[in-house]
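S.K.: Sharing the record's features from TrEMBL:
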TRANSMEM  A:43-60  transmembrane segment
TRANSMEM  A:72-93  transmembrane segment
TRANSMEM  A:100-118  transmembrane segment
TRANSMEM  A:124-146  transmembrane segment
TRANSMEM  A:158-178  transmembrane segment
TRANSMEM  A:198-220  transmembrane segment
TRANSMEM  A:232-253  transmembrane segment
TRANSMEM  A:259-277  transmembrane segment
TRANSMEM  A:308-329  transmembrane segment
TRANSMEM  A:341-359  transmembrane segment
TRANSMEM  A:366-383  transmembrane segment
TRANSMEM  A:389-408  transmembrane segment
Amino acid sequence: MNGDKERRATSAPLDRADERIRHDAGLAGATRAFLDRVRSGDLGALPVVIGLVIICTAFQSLNPVFLSSNNLVNLLFDCSTVGVIALGIVCVLMVGEIDLSVGSVSGFASAVVGVLWVNMEWPAWLAIFAGLVVGGAIGALYAVLFNRFGMPSFVSTLAGLLAVLGLQLYLLGSTGSINLPYGSPLVNFGQTLVMSPAVAYTLAAVTGAVIFATAFRTAARRKRAGLSARSLGSLLLRGIVITIVLELVVYYLNQDRGVPWMFGLFVALVVAMNYALTRTKWGRSMNAVGGNREAARRAGINVRRTHMTAFVLCATFAAAGGILSAARLASASQQAGTGDVNLNAIAAAVIGGTSLFGGRGSAYSALLGIIVIQSIASGLTLLDLSSSLRYMITGAVLAVAVIVDSLARRSRMSHGRA
Amino acid sequence: MTDPVSQSNSRNGLVLSLRGISKSFGAVSALTKIDLDVHAGEVVALVGDNGAGKSTLVKILAGVHLPDSGTITFCGEIVVLDDPAASLRLGIATVFQDLALCENLDVVANIFLGRELDPWRLDEVAMEIRAWTLLNELSARIPSVREPVASLSGGQRQTVAIARSLLLEPKLILLDEPTAALGVAQTAEVLDLIERVRDRGLAVVMISHNMEDVRAVADRIVVLRLGRNNGIFHPDASNQELVSAITGASNNAVSRRAERRQGSREHSGEPRP
């Protein structure tokens, strides 16, 4: 408070002129601001962190293999496939829509790759590209149905779930499944390819440095422009803590095989999407359309185009996830993309903190959410529980996640935080 | 009925001039041969009963509807406003009655919505500075521009909506019921805001049902009735005159009620401030 008064007495930054607002400076202030945010229903990553702690304690006490390096490396391999699909779900949830067919689209894309690459002997990259294009085309079709005919995405994608599954079965018809050749780059990427320790340590260090550098530059610009800015000390502390945590994780994973390149790709996609959603005009319009479609329209945003990009991105990510999981399993089968893939992807996005009601979410929710979902799946597999129990438990977790989302939303509304 | 008030007020440049604007929806004539002049640095209040055509007129000016006939002259040139973007380009900004803000976005994002600086690498610092400059020009009391709009009061949201309309340096601002949903203090704030906007040399057209508010800020009061011009008044015209122009009869519910009250009290006249 004293520091506040002094600042005002000399020359208050442009955004600190109003004396009604409390300025949370320093560690105590940051803690207070965080508690206020949580109390008002702005939970952020908190449910995920709490959930992960509970999951880890429970499964670790039941089976000490759970937190072993080996199991965690496997976990990261498994996360990457459905995680990429969840990243697409984040896109459609941002604009307040849904895509229920991501599982079918992922299975169909893997079938396309299998048929084109193995049966018709196209080059692998071309087959993958074709799979992604097919996925994008399905998304574009949903967008056209939505924009032109006002068909609710819930219904159009439910129809798509069946139709695309039919296409997948048709493509694989005679054989039922296509084995992808072992030893090919794609299958290696999905099953064994890990970063060498030096690369992994360097990447972790670079990540910390980049986070610090961008924050530092922003702070410097804000200070020059006469706005309040975070202090150098807190930025440095954050950068160092992030670097140390990342290096420790890498060290632990390196005790076994190391960090999978596939997980690296997933994280890179998440970071790219996060940039696109928060730092570009397109991302701003996605948020606006999800928050208030009519307001976005009157502000001159092309709402139809925004929907189009959301659906196309979602289906393309779904196709990418399907291709990755085909690589992981070294086969394109009739079962690919069926079962719980759909709901795991949607659940991951919601558990990670993306709202089902639009206008609220982040690319990181796909990363956080899928780690929770896969931890549960992995833990239950280690306990050797039957799939009946696994479905029930995963379902219960999803229900809890949606309840938390709804309650948090209600609390945000009563606290005036949208 | 038609006072020659408009002539005395043309000291500033004519910004907007409507001549013979008509608009019908099917069999219903919403507007018939409307004339309207608005000058720079002037607040024109558009009043009328429900269904008088006020909102249709504003929508025509905002580019939402096309008029069936008549001419719109803006800054000396005849223009065609065939979509909202055309109006915005000319410098006609509209603050809609429901404000059209995105509650999940913060104040800066709302002010710059659709017009962000640096589309591929949003320049948040420059946008925040511009937002503060705009809000300070309006003497707005918004504690933080990084809070979501959902946490703001009605008056503060109105300020944000008006600040957004000022971002493009418009020549004419249309305000549809700017005080309808506001409390006493917030209404006063918004009226102050309108005066400050006028003092910056902008032309303002304001729709309102509240005669007190209209009288407080308007330089001229234009009455519409059943889609036609029904008189132009000074703000110091009596309530009776205005009400009879709005309702189209000197013997109406408001005047009868006023008479009854006058009869029951001995000295007091109209309950006016």
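Here the Cβ of each residue, glycine as well, is placed from N, Cα and C on the backbone.
Tell me about the setting of these features in this model.
M.R.: Within the chain carrying the transmembrane segment (A:72-93), a Cβ under 8 angstroms from the stretch's Cβ atoms is held by residues 99, 102-103, 106, 153, 190-191, 194, 252-253, 256-260, 262-263, 265-266, 269-270, 273, 286, 290, 309-311, 313-318, 320-322, 324-325, 328, 341, 344-346, 348-350, 352, 354-356, 358, 361-363, 365-367, 369-371, 373-375, 377-378, all 6 or more beyond its ends.
Sequence-distant contacts of the transmembrane segment (A:100-118) (same chain, six or more residues past either end, CB-CB distance under 8 Å): 85, 88-89, 124, 126-128, 130-132, 134-135, 138-139, 142, 154, 157-158, 160-165, 167-168, 171-172, 178-181, 186, 314-315, 317-323, 325-326, 331-332, 334-339, 341-342, 345-346.
Counting only same-chain residues 6+ beyond the ends of the transmembrane segment (A:124-146), those with a CB under 8 A from a CB of the stretch are 97, 99, 101, 105, 108-110, 112-113, 116-117, 152-153, 156-157, 160, 164, 184-186, 304, 307-308, 310-320, 322-323.
Nonlocal intrachain contacts for the transmembrane segment (A:158-178), taken as residues 6+ away from its ends with a CB within less than 8 angstroms of a stretch CB, comprise 99-101, 103-105, 107-108, 111-112, 114-115, 118-119, 138, 141-142, 331-338, 342.
For the transmembrane segment (A:259-277), the list of distant contacts is 73, 76-77, 79-81, 83-84, 87, 90-91, 94, 189-190, 193-195, 200, 203, 250, 253, 283, 286-287, 317, 324, 327-328, 362-364, 366-367: same-chain residues at least six beyond its ends, Cβ to Cβ under 8 Å.
Tertiary neighbourhood of the transmembrane segment (A:308-329): same-chain residues 77-78, 80-85, 87-89, 91-92, 94-95, 97, 99, 101-103, 105-110, 113-114, 128, 131-132, 134-140, 142-143, 146-147, 153, 180, 186-187, 189-191, 262, 265, 269, 282, 286, 336-337, 341, 345, selected by CB-CB distance under 8 Å and a gap of 6+ residues from either end.
Tertiary neighbourhood of the transmembrane segment (A:341-359): same-chain residues 43-45, 47-48, 51, 82-83, 85-86, 88-90, 93-98, 100-104, 106-107, 161, 287-292, 318, 321, 325, 365-370, 372-373, 377, 394, 397-398, 401-402, 405, 409, 418, selected by CB-CB distance under 8 Å and a gap of 6+ residues from either end.
Beyond the ends of the transmembrane segment (A:366-383), by six or more residues, the same chain brings 45, 48, 51-52, 55-56, 58-59, 62-63, 65-66, 71, 74-75, 78-79, 82-83, 86-87, 89-90, 266-267, 270, 273, 344-345, 347-354, 389-390, 393-394, 397 to within a C-beta distance below 8 angstroms of the stretch.
Beyond the transmembrane segment (A:389-408), the same-chain residues lying 6 or more positions past its ends with a Cβ under 8 Å from any Cβ of the stretch are 41-43, 47, 51, 340, 343-344, 347, 350-351, 353, 355-356, 372-373, 376-377, 380-381.
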S.K.: Looking only at residues six or more beyond either end of the transmembrane segment (A:43-60), which have a C-beta under 8 A from one in the stretch?
M.R.: 37, 66-67, 351-353, 364, 368-369, 371-372, 375-376, 378-379, 382-383, 397, 401, 404, 408
S.K.: Short question: which residues 6 or more past the ends of the transmembrane segment (A:232-253) have a Cβ under 8 Å from it?
M.R.: 26-27, 30, 69, 72-73, 76, 197, 200-201, 204-205, 207-209, 211-212, 215-216, 219, 259
